[in-house]
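Structure record follows, encoded as structure tokens.
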Amino acid sequence: MPKIGNIELPEFPLLLAPMEDVSDPPFRALCKEQGADVVYTEFISSEGLIRDAAKSVIKLDIYEKERPVGIQIFGAELDSMLQAVDIVEKSNPDIIDINFGCPVKKVVSKNAGAGILRDIPLMVKLTEEIVKRTHLPVTVKTRLGWDSDSIKIVEVAERLQDVGIQAIAIHGRTRVQMYKGFANWEPIAQVKNNPRMHIPVFGNGDVDTPEAAVKMRDEFGLDGAMIGRASIGNPWFFNQVKHFFKTGTHLASPTMEERVSAARRHLQMAIDWKGEKLGVFETRRHYTNYFKGIPHFKEYRMKMVTSDESADVFAAFDEVLEKFGDFQFA
Ligand SMILES: Cc1cc2nc3c(=O)[nH]c(=O)nc-3n(C[C@H](O)[C@H](O)[C@H](O)COP(=O)(O)O)c2cc1C
């Protein structure tokens, strides 16, 4: 069974990917309830943290019930990253994860995120110092390389392991690809097949069906799957995959009642955590997927995504249950 440091995981664990503006505590809690084995926070700027920027600091909040949880940080300045590690430790996460994969221009232009894939010695140095600084297990999330001509992930993963990381999650795209094309899991399998690798190697990118997860496990031999977009508005995805692993059959799609109940709890947790205004605003992006596939739904969706008061959103949920309660989801 794979382990991250002393954290014992089931066979082929499913990890909720870090996702900015998505993987917040309420969403992570829902995913955990629905079978995610490890959850990660959205990325947190080391520079923001050390300046005590409220937007960064609030991202450190974790609920006990979501453990094991990893807090993900990004940056390219050693000093800032080390200070950020000290701050993150105070939140008592189970794991510290370093983001070496974010492809966004404003991040890579500062050599952070996937930008560091152009400077492997710096990547290794930063990781080594972070590992030395903390008692927590450190993991890395990265991409295959900067572009298709510079895929050195086998060497990179080995060097990161040698400076002490406890697991690596690899998104099967390069920085240049951003989110285009398909994720290529072949180089990730090469990392796993390197006889010197002994830490878990998790695959990421396009695990959007239970069949894809089986493929990653059986054909590519990876140690677990990190799941991002397939879980947005669909926290049930983790248990759907696990059910498929066990039985080879598909778990029935959640009923309308289950969906409304999840949407309700999601909104309530978000309000409890970040207040009425932000809670209402930031939960909006999930509703489209919670209620995907219902015909003539626009009127209700609009109510959910334009109401500023939670009471109106909760009322819209009631209406939906009343009107579409028997709808059969595919
Ligand atoms: C909305 C969104 C936000 C993301 N934010 C982060 C982030 O904060 N940190 C990170 O390492 N990756 C981030 N990613 C990348 C995902 O973690 C993941 O690598 C990518 O979506 C591919 O996996 P998937 O095909 O399962 O979605 C983000 C992706 C999306 C769609």
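Cβ atoms here come from the backbone N, Cα and C positions, even for glycine.
The domain 'DUS-like FMN-binding' annotation in TrEMBL covers 15-309.
The FMN binding site annotation in TrEMBL covers Gln72, Lys141, His171, Gly228, Arg229. Cβ contacts within 10 Å of Arg229 (FMN binding site), excluding its own Cβ and spanning all protein chains shown: 17.
The feature active site, proton donor is assigned by TrEMBL to Cys102. Summarising the environment of Cys102 (active site, proton donor), the number of other Cβ atoms within 10 Å of its Cβ, over all protein chains shown, is 22.
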Spatial separation of Cys102 (active site, proton donor) from Gly228 (FMN binding site) - C-alpha basis, Å
13
The correct three-state DSSP answer for Gln72 (FMN binding site) is strand
On the 0 to 100 pLDDT scale, where does the domain 'DUS-like FMN-binding' (15-309) sit on average?
97
Return one of helix, strand or coil for Cys102 (active site, proton donor), based on DSSP.
coil
